[in-house]
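Quick notes on the structure that follows.
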Amino acid sequence: MKFVLLFGVLSLTLFSYSSAEMLDDFDQADEDELLSLIEKEEARAKECTPRFYDCSHDRHSCCRSELFKDVCTCFYPEGGDNEVCTCQQPKHLKYMEKAADKAKKFGGKIMKWFS
């Protein structure tokens with residue numbers, strides 16, 4: 001009976017130790033993957049396409065405005081057969097940015113009143 005109990009405790013200890021090492025390996029792999037994704041995103045952010053420039057080569061490369069990312073919009077010019085794609089800001093997002101800017105300015109004025 002003592003042998004079975006000792007064997008059970010020993011196997012449980014070894015199992016928990018191996019599980020902990022496996023979890024550490026998984027955590028390290030997740031951390032490395034996250035760092036590589038962040039580096040790729042930073043590199044991609046440096047190569048963004050400015051507003052009203054051609055984005056037909058990569059439709060997800062448009063730059064961000066203050067709050068929102070611009071959208072690659074494609075259209076056919078009048079009398080033309082070739083599709084033209086440019087980075088543009090949708091009107092509803094433009095209005096939302098203007099409203100947020102005005103709210104920020106108004107909030108600054110209120111803070112000055114109470115200072």
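Note: Cβ is positioned from N, Cα and C throughout, glycine not excepted.
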Recorded disulfide counterpart of C74 (Swiss-Prot; options C63, C72, C85): C85
Partner cysteine of C48 (disulphide bond, per Swiss-Prot) from C63, C72: C63
Candidates C74, C85, C87 (disulfide-bonded residues) with Cα within 10 Å of C63 (disulfide bond): C87
Cα distance (Å, whole number) from C87 (disulfide bond) to C72 (disulfide bond): 4
